[in-house]
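Chemist: OK, TrEMBL features for this one:
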DOMAIN    1-267  domain 'Amino acid transporter transmembrane'
TRANSMEM  22-41  transmembrane segment
TRANSMEM  66-86  transmembrane segment
TRANSMEM  98-125  transmembrane segment
TRANSMEM  190-212  transmembrane segment
TRANSMEM  218-236  transmembrane segment
TRANSMEM  248-270  transmembrane segment
Amino acid sequence: MATIFITTPLCMLRNVARLAKASIVSFIMVLVIFVTIVIRYESLHDVMSTVTEVGNINTWDFARPGAIQAIGIMSFGFMCHHNVFLLYDSIEGASQTIWNCVTHVAVTISFLLMVAFGLVGYATFGDLTQGDLLENYCWNDDLINISRLLFSLTTLLTFPLECMVTKAVVDQTLRGGTDPVPMSKKRHAIITVSILVATYFVSISTKCLGIALEINGVVAAIPLAFVLPAAIYIKISNDSWKEKIPAYCLALFGTIVAASGISLVVYEILTFTADSCENDRIMDHCNINDTYLPTGDIIQLPLN
């Protein structure tokens, strides 16, 4: 129902500028979600201290197994390179100065939000933190359930922009050229529906968000963020090899992380079990004061 009535109408739009209002609504939802997890940090602090040593020095170690996959996930969070042509064309009176301002402000805000979400969430749950932050909270927490709904809507409102990029790539691939030839209505509808159907079946094939983000990160985000920009600069620039050393280092770093990440993700998939994904797990702090009966009946939530 969400795909049919929310995602599909937005994906059928042909101009990325018409998604501006949806993007604003999505951004506001993200801010509301952040406020809710800050509120829950205050109310869960005492409860979590009885479950685990949140704030223990070991909790704040610099890196642990899984750091490579984490780099992929973080890279995926900032992956916007594939959108730049459509976004640039949608700006009225676009220039390099305006584009620099837009990109720097957008990436800075994204960085601050990502750090804020990570710090507040990890400070709340410590070693118990799951890949999807909202999975850490109790399922009878009405405030967090509102945040889960907003997060779902945010995802639905973000997908159309990615779909537009995919449509453009598919169309150019089928035509065998990169000339900006407008798609006919019939061709546009067929390509859009095909993408939506394929994405729908992939999305319902797993409930593990962590593995999906890891695959996206190491296969797509890291090459897009580190390897390809450096490789293109090395290829087309007339600078000396000494001036290209940072680009070589960047490309080497991306290649090593991508290769290592792919190997680790493949191993994770091969050793995957039903217990590997804990989406339905009731966290220990939700059982305090008999929050949940053994049968799963809800009694109360141990929050302030």
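Placed from the backbone N, Cα and C atoms, the Cβ positions cover glycine too.
What does the local environment look like for each feature on the list?
Modeler: Same-chain neighbours of the transmembrane segment (66-86): 16, 106-107, 110-111, 114, 161-162, 164-165, 168, 213-214, 216-218, 220-222, 224-226, 228-229, 257-258, 260-261, 264-265, 268, counting only residues six or more beyond its ends whose CB sits under 8 Å from a CB of the stretch.
Below 8 angstroms of C-beta separation, residues 30, 34, 37-38, 40-41, 44-45, 48, 54-55, 59, 74, 77-78, 80, 87-88, 91, 133, 136 of the same chain, each at least six residues beyond the ends of the transmembrane segment (98-125), sit close to that stretch.
Nonlocal intrachain contacts for the transmembrane segment (218-236), taken as residues 6+ away from its ends with a CB within less than 8 angstroms of a stretch CB, comprise 68-69, 71-72, 75-76, 78-79, 81-82, 244, 247-248, 250-251, 253-255, 257-258, 261-262, 264-265.
Here the transmembrane segment (248-270) has long-range neighbours at 66, 68-69, 71-72, 211, 214-215, 217-219, 222-223, 225-227, 229-231, 234, 276, meaning same-chain residues at least 6 beyond its ends whose C-beta is under 8 angstroms from one of its own.
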